[in-house]
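These notes concern the structure reproduced below.
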Amino acid sequence: MDKLADLNYTLSVITLMNDTLHSIIEDPGMAYFPYIASVLTVLFALHIASIPTMKIALKASKCSYKVIKYCIVTIINTLLKLAGYKEQVTTKDEIEQQMDRIVKEMRRQLEMIDKLTTREIEQVELLKRIHDNLITRPVDVIDMSKEFNQKNIKTLDEWESGKNPYEPSEVTASM
């Protein structure tokens, strides 16, 4: 356990790995070697760092499977972010939670559509009744006795003194 957390041991293993890679690949023109070495270095460092963390986590918690799964998912997501990917690895629990949230949202939207559809049907029925009430029906004789503006109409002959009482007369005012 002490060797795993020792920085000198880690650096010597990294140096050994780089020397081994240099001896295997002797082509000096290989352009991707620094990238491969960097990825392998990061993987080795994560491996060295994750072993003590896993041992402590397993001893401290009772649910070892979930802790290991969470650690592995976190490590993979970190590697994906380092590589420049925007995608992430999710566990089945997270997928189920997201699916439950999506199903709830779809149910809420379906209920809203149902309410709106019911309201629209009611509005169409109301508009139909209003339209039916506004349709003009041809009538042969119109009874004008019930019209308010047709009561008590006097003609020019029926007015007193033959003058229209509603026409203005000339008024002079003193100044």
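Even glycines carry a Cβ here, placed using N, Cα and C.
Residues or ranges marked as topological domain 'Lumenal' by Swiss-Prot on the basis of sequence analysis: 1-28. For ASN8, ASN18, the entry in Swiss-Prot reads N-linked glycosylation site. Annotation source Swiss-Prot lists transmembrane segment at 29-51. Under the heading topological domain 'Cytoplasmic', Swiss-Prot lists 52-175, citing sequence analysis as support. Look at Swiss-Prot and you will find GLU120, GLN123 tagged as Ca(2+) binding site, backed by sequence analysis.
The structure, with features from Swiss-Prot marked on it.
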residue	record	CB count, 10 Å
ASN18	N-linked glycosylation site	14
GLU120	Ca(2+) binding site	10
GLN123	Ca(2+) binding site	10
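Note: the CA-CA distance between GLU120 (Ca(2+) binding site) and ASN18 (N-linked glycosylation site) rounds to 72 Å. The two recorded residues, GLN123 (Ca(2+) binding site) and ASN18 (N-linked glycosylation site), show a Cα separation of 77 Å. Confidence across the topological domain 'Lumenal' (1-28), taken as the mean pLDDT and rounded to a whole number, stands at 65.
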